[in-house]
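Asker: First the structure, which I've put down as structure tokens, then a few questions once you've had a look.
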Amino acid sequence: MNKINKPVAEWCCEEVQSWLVENGFAEYGDLLACHHKVDGRVLLSLTEEDLRNPPISLPLLGDIKRMILAIDRLKPDKGKYDGSGSYYDLQHVCYQHGSGHELSSKTLPPSTSSERPRLTIPLLFCMIMLFHSILCFLSLMYHSEVHHNLIISRIEADDTQSRWNCILKTVVAGFHFLCSIFLTSYVMVIVHDRVPDSKTYPPLPDLLLDNIPHIPWAFDLCELLACLLGLIWCTILVFHKHRLILLRRFFSLTGTVFILRCITMLITSLSVPGAHLKCTARKSEDSYTRLKNALHIWYGMGMSLFGVRSCGDYMFSGHTTVMTLLNHFITEYTPDTWNYLHTTSWVINLFAVFFILAGHEHYSIDVFVAFYISSRLFLYYHSMAYHVKSVTAADTRTRIWFPLFWFLESGSQCGRIPNEYEWPLPSFASICELFDGSYFIKRSKSELEFIQSKYRIQFDRVHEFLFHDHHCFTESAPMKSKHKAKIKR
């Protein structure tokens, strides 16, 4: 029994120790009250896990169970303790329907209702209305005479087309891209340390390299052309209406291809393709030095224009991969009538490939494999993306074999994305509307139209059902039977 004439939440550590002694837990009094400073509030919030785990770690299971039962007896029968000394109980919240609405709440035990702070009126009102709305909604949905499909008929809509889901997918794809690029940079450092000696292993016979003279400035020109394609692609991303979808597809494809490139580079180390390349295997380096070199390649995007020189990363060509993907993205996500841009993109891509071979930076097989893999993956990915509903719905193996594709494309816009463009920055009129408040009015109207287009709601039936047929918890049984008969008629 509790002999302390004081609310439990106001007990001090000495009173907690006295309570422990009274209830047969004297051996734990010093541990809990003195050592761990357990007062009344802390005592009420103790759980079985707290007593079982460090730092308390009571050794006997029986004592743990008995102490929890004793603590539970200190708590109110139908209340919850919120840790601040106040109790609340939603079961005592009453809603009365009549000539007026009265709200009352018995939120505190009788002995302490005048001492402890009550819930504020606005918060209490919100909780009551929420509780009442849930009960009315459940009564509406499970009523035997009115099926929920008569109230709300949901139109098939893609939740993943919402802006926040689109941003989340783009962030995940960007993280995948950055990780794959960094992994490629680290593998390039490893293969540089394993490059064969050019004196022992001369360049391999190559049909094209043997017949194309070496042009020293060709590789630099190739990287300039790659920067030009990248600039065109960035311009398209800025003005395209569906820029987030384009960006996440680019990140996904590029990251996947470069992960495949990591494997091919690491498996077999080819000899240098030209005698002009001064490549020697470096001595064994520690992990910090390798990480530093990998970050240097990562920051420089693997381009010699930014001071990156690497050896051994031949199978397959990363420059060809990037330019081929950029070319395909530019031609795919611009209108079909832009023939001049498409032709220019293809010419730049082919000339860049030629300059790679003219600079004797890669074998012909490196360039061919890079072009083939990049173009095929682009076509395969977009072929599946344009029929994503049939692919993800009919084949559950898609989630296993193509988890990233399934995450990025499932539920997204079906079919080919329309090449629509818009000005990315807000206009001066939009800024003025933001300050005078008309922007929020238009936004509210558009949100209401979206909700009405997404849900076909029979407002009259719902209103009649809620406010004429079913006054929750207020009508007598004869009135309810009368309303049921009315509904049946």
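Cβ atoms are placed via backbone N, Cα and C, with glycine included.
Bear in mind that TrEMBL entries carry predicted annotations, made automatically and left uncurated.
The following feature annotations were taken from TrEMBL:
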type     : residues : note
DOMAIN   : 11-77    : domain 'SAM'
TRANSMEM : 119-142  : transmembrane segment
TRANSMEM : 171-191  : transmembrane segment
TRANSMEM : 217-239  : transmembrane segment
TRANSMEM : 251-277  : transmembrane segment
TRANSMEM : 297-316  : transmembrane segment
TRANSMEM : 337-357  : transmembrane segment
TRANSMEM : 363-381  : transmembrane segment
Asker: Any residues 6+ beyond the ends of the transmembrane segment (251-277) with a Cβ under 8 Å from its own?
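Answerer: Hits for the transmembrane segment (251-277): 170, 173-174, 176-177, 179-181, 183-184, 187-188, 190-191, 194-196, 198, 201-204, 206, 209, 214, 216, 311-316, 318, 321-322, 325, 360-363, 369, 373-374, 377-378, 381, 404-405, 408.
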Asker: Give the mean pLDDT for the domain 'SAM' (11-77) on the 0 to 100 scale.
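Answerer: 83, rounded to a whole number.
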Asker: Quick one: find which recorded stretch in 171-191, 337-357, 363-381 has the most Cβ pairs under 8 Å with the transmembrane segment (297-316).
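Answerer: Most contacts with the transmembrane segment (297-316): 171-191.
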Asker: If you count Cβ pairs under 8 Å, which stretch among 171-191, 337-357, 363-381 touches the transmembrane segment (217-239) the most?
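Answerer: Selected stretch: 337-357, with the most Cβ pairs under 8 Å.
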Asker: Let me spell it out: take the transmembrane segment (171-191), skip the flanking residues so only those 6+ beyond its ends count, and list any with a Cβ under 8 Å from a Cβ in it.
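Answerer: Here the qualifying positions are 247-249, 251-252, 254-256, 258-259, 261-262, 265-266, 269, 285, 290-291, 293-295, 297-298, 302, 310-313, 318, 404, 407-408.
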